[in-house]
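Shown next, in structure tokens, is the structure this report addresses.
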Amino acid sequence: MALAFAYFSKALAGSYMKSAITQIERRFELSTTHVGMVDGSFEMGNLLFLVLVSHFGARLHRPRLIGVGCLLMAAGSFLTGLPHFFMGSYTYDTAVHSSLSDNGSIAACVDAPELDPGPTLADSTACVKDPSSHMWIYVLLGNALRGLGETPVTPLGISYIDDYARAENSPFYIACVHTISLLGPVFGFLLGSACVRLYVDIGYVDLDSVTISPKDARWVGAWWLGFFISTALLLISAIPFWFLPRTLPKQGPPEGEGPPTHPHAIQEGLLELDGDVPPSPEDRPAPIHKGLLQSLKQLFGTPAYLLLLCSGVLRFNAVIGLFTFKAKYIEQQFGQSASRANFVIGALTLPVLAVGIFLGGLLMKRYRLSVFSGALLSFVTSVVAFFLFLLLHLGTKCEHVAVAGLTVSYNGTAGVWGGDEAVVAPCNQACSCPLEAWDPVCSQSGITYTSPCTAGCLGSSGSGKATVFHNCSCLSHFYPEGGSTSVSLGQCPRGNDCVRSFTSYMAISVLSSFINALGGMPGYMVIIRYATLTRATWLAKGMLHSLGLHCILRYLGGLPAPVYFGALIDTTCLKWASTRCGDRGTCRMYDSNMYR
């Protein structure tokens, strides 16, 4: 129960980080590559001490080591959310907050405006000293500290169960722990959905003055709030481990199947997995440093075991890369808000994963699957899930949003262009609009303009989110006389075809996730059990070697994935934002086909 709650808490914190990744990207004006590095810092922290904890953990007090890990995770989560209170209010570029005339009307485009001389030396100095310019480093350090704290939880917790449970019960117990842990991501994404719906500076600003909606690419939700909630849960999860014993009496075999296990043999870690035959004297553990090197040599010298771990690297690269940016993909591809994207992941996909993992563990227990049968089940489900995922991302799509100068020309001709200069047209050339601005407005024709200025608007009415811009030259220049020359704030909505595509996407995603999860627990147990066939030192310590090495390669598979997935996503950007220091910020719009 204690381990399951710790798994739940750490999974909630980790999934909340995934759900907030887009908000962190926007708040700190990072590229997707950089935010992938921030997300990958968790694995960096985890790798620092994983080998040492896995090897030496069995000789120490495992429950208390797990308790220390929970405290470190709480500290890391707290540090991640802390920069919010040192950054000041969030600001975004919008025509509604600038160029106000005496009568309250906004002139987004004026003839031959005076050119901006650019930032002065004093402005540049102030920019460098801006405390928010490098605050993202604290998010990275906090995430790394959380990864460091998680180091003892998985290998020590799972080995603690496996050491003191019967061999036929262990898969079921571990499956229960993992199933409960999958409730963590469910609540993590639901928490992310609730927090991102709230404005980042809620309680500090008048929300009526906010002119953007949660679907806007500039919207930043209260990303920091969930990290403090997860901090409290992680602190609570640490408490029980300080009262658990170092060892437990091992469960005896079922009635009529043999004598109970000798407690001294358990304490010394001298029993094999089936719990009835002690190892020979030559198989007893070597001194600590030699035992580690010997186990590494034995495990890496076994081709089948090494092949399993290499396939795990490829599998986790795909899963972690997809999982990290799935909410962002749903936002960009289907026009959903970050809140809704997190909600559908938490409410639909993750519960199905939990059911699949639980049923996989139940199959292992009910039919007592052999190593070969478990590997075969894992292989078949992985292949089927892969082709479903392939069909999912190639077959479900939405058309480009029609943005003048980026995905369509100013007269409505389809095409894809990149760069800020693409938004300049004869109808707005006299306006000398800031090319990096992103303050989208929507015309009745369904074409979005990057700002009221690039639409050539000369006046406005209304205020706040209800502001409407009038006399827009780019509309009157290309469209028939008598048509509307007004635009409203916000990007034009997607069509009904996109809604149907999103429904199909989620249906196939749920099915493929279930099939993939069904083979997850058999594959996981194959990794653990296979070490018994290597004639390695299979003690509590020996199991930690195999589990720890599996985790190492898993994190080696997961560490680069957010970075290179992010780098590939950045190559599809059509419109970059600009930071207050003039550097390239986050991406506002992507090429949908390239992104997919």
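Cβ coordinates are placed from backbone N, Cα and C, and glycine is handled just like the others.
According to TrEMBL, the features are:
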{"type": "TRANSMEM", "residues": "37-58", "note": "transmembrane segment"}
{"type": "TRANSMEM", "residues": "65-86", "note": "transmembrane segment"}
{"type": "TRANSMEM", "residues": "172-200", "note": "transmembrane segment"}
{"type": "TRANSMEM", "residues": "221-244", "note": "transmembrane segment"}
{"type": "TRANSMEM", "residues": "304-323", "note": "transmembrane segment"}
{"type": "TRANSMEM", "residues": "343-363", "note": "transmembrane segment"}
{"type": "TRANSMEM", "residues": "369-392", "note": "transmembrane segment"}
{"type": "DOMAIN", "residues": "421-476", "note": "domain 'Kazal-like'"}
What does the DSSP secondary structure composition of the domain 'Kazal-like' (421-476) look like, as residue counts for helix, strand and coil? 13 helix, 11 strand, 32 coil
Taking all residues of the domain 'Kazal-like' (421-476) together, what is their mean pLDDT? 84
For the transmembrane segment (65-86), sequence-distant contacts whose Cβ falls under 8 Å of one of its Cβ atoms, 6 or more beyond its ends: 3, 6, 9-10, 13, 17, 45, 53, 57, 131-132, 135-136, 138-139, 141-153, 156-157, 200, 223-228, 230-232, 234-235, 237-242
